[in-house]
Amino acid sequence: MAALTTTTGPQHASVLGVGAYRPLRVVPNSDVVDAIDSSDEWIQQRSGIKTRRWAGPDESVQMMSVQASRIAIERAGLEPGQIDCVVVATVSHLLQTPAVATAIAHELGTDAAAFDISAACSGFCHGIALASDIVRAGSSRYVLVVGVERLTDILDLTDRGTAFIFADGAGAAVVGPSETAGIGPVVWGSDGEQFDLIRQREDWRDVVGSPEKPGSGVMPHLTMQGNPVFRWASFAMAKIGQQALDAAGITLDDLDVFVPHQANMRIIDAMARSMKLPPTVRIARDVADQGNTSAASVPLALDRMMAEGEARSGDTALLIAFGAGLSYAAQVITVP
Ligand SMILES: CC(C)(COP(=O)(O)OP(=O)(O)OC[C@H]1O[C@@H](n2cnc3c(N)ncnc32)[C@H](O)[C@@H]1OP(=O)(O)O)[C@@H](O)C(=O)NCCC(=O)NCCS
């Protein structure tokens with residue numbers, strides 16, 4: 001048996017730059033309440049959402065990704081041609097194949113390895129974990145991780161459980177080699193027993209149909225059983241956050257910033273309470289005027305905190321994302 005050559009990369013990886021793209025259209029609760037027989041007061045009280053961003057016809061998954069990526073690459077001090085791997089987390093690129101990552105890489109001007117991952121709302125944190133390992137294994141030097149969604153394409157605007165929650169946008173981060181460890185170990189997992197809690201309503205074959213059984217002909221929208229998801233996220237995820245701190249070898253006192261998935265303000269508050277976060281930890285609350293953008297929510301929230309000076313370069317931040325699957329991933333990073 002021949003012994004194979006393998007690669008090893010730099011000892012450490014870090015997030016080098018972050019970028020974001022928010023669709024131009026701001027949609028207040030008053031624009032969604034009629035179709036779901038709801039009210040601004042109910043939505044704010046149950047979710048904390050006041051407005052959300054919905055993409056217009058020109059704001060495609062690819063377009064939003066490229067805009068966010070260009071900013072992240074520039075902030076990392078790199079040229080697009082230096083990116084040698086592109087990982088895109090999304091559930092709303094509506095072509096089964098090929099991956100949108102290849103088109104994004106091409107438009108950016110790189111022939112990088114490029115592939116999509118499907119881990120719903122936890123996709124971005126999965127992507128950061130992969131990128132850190134890819135860099136440290138020497139498979140690529142600079143990995144672009146994009147979280148992007150155009151969830152309005154797969155939303156039923158008359159569904160009371162989802163129409164007011166979900167939204168559109170893109171966030172990106174560049175991961176590359178660094179002198180010290182800037183990305184802690186990932187704590188990730190899944191609970192497939194709860195596969196049906198958040199899901200595409202039906203599979204494409206049921207839409208198209210067969211000679212024996214006519215298809216629905218209707219876009220299979222996103223459905224969610226909000227209450228069990230709420231309970232799971234509020235309690236189980238706080239433990240995962242603590243495990244990510246432990247894995248990185250830090251305590252709550254070392255933490256500056258908490259960037260949880262922007263699912264719902266009540267979940268964010270419940271997690272912060274369960275984790276006993278000290279009042280000095282600054283908490284991302286982007287959901288209030290961005291809505292829940294699934295894979296894009298963590299980088300969008302982080303980008304906003306950096307822009308507003310709430311997350312500063314060198315700060316220690318806990319990222320945690322969770323959603324359909326059910327799947328989750330969390331890690332500690334150093335803010336670039
Ligand atoms: C969706 C969510 C806000 C609903 O809140 P809830 O407290 O669980 O609401 P329920 O479904 O139990 O319904 C409570 C009541 O509000 C009503 N209701 C449901 N949706 C409503 C809406 N959009 N507007 C007004 N009333 C609504 C129900 O009819 C019910 O009325 P009743 O008490 O008279 O029977 C909440 O479950 C949630 O945020 N879940 C997590 C969702 C999430 O963040 N998912 C993303 C993870 S990736």
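Glycine is no exception: its Cβ is also placed from the backbone N, Cα and C atoms.
As written in TrEMBL, here are the features:
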type	residues	note
ACT_SITE	Cys121	active site
ACT_SITE	His261	active site
ACT_SITE	Asn292	active site
DOMAIN	115-192	domain 'Beta-ketoacyl-[acyl-carrier-protein] synthase III N-terminal'
DOMAIN	245-334	domain 'Beta-ketoacyl-[acyl-carrier-protein] synthase III C-terminal'
REGION	262-266	region 'ACP-binding'
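Each residue of the region 'ACP-binding' (262-266) gets a DSSP state, and the totals for helix, strand and coil are 2 helix, 0 strand, 3 coil. Counting residue by residue with DSSP, the domain 'Beta-ketoacyl-[acyl-carrier-protein] synthase III N-terminal' (115-192) contains 23 helix, 28 strand, 27 coil.
In three-state terms derived from DSSP, Asn292 (active site) belongs to an extended strand segment.
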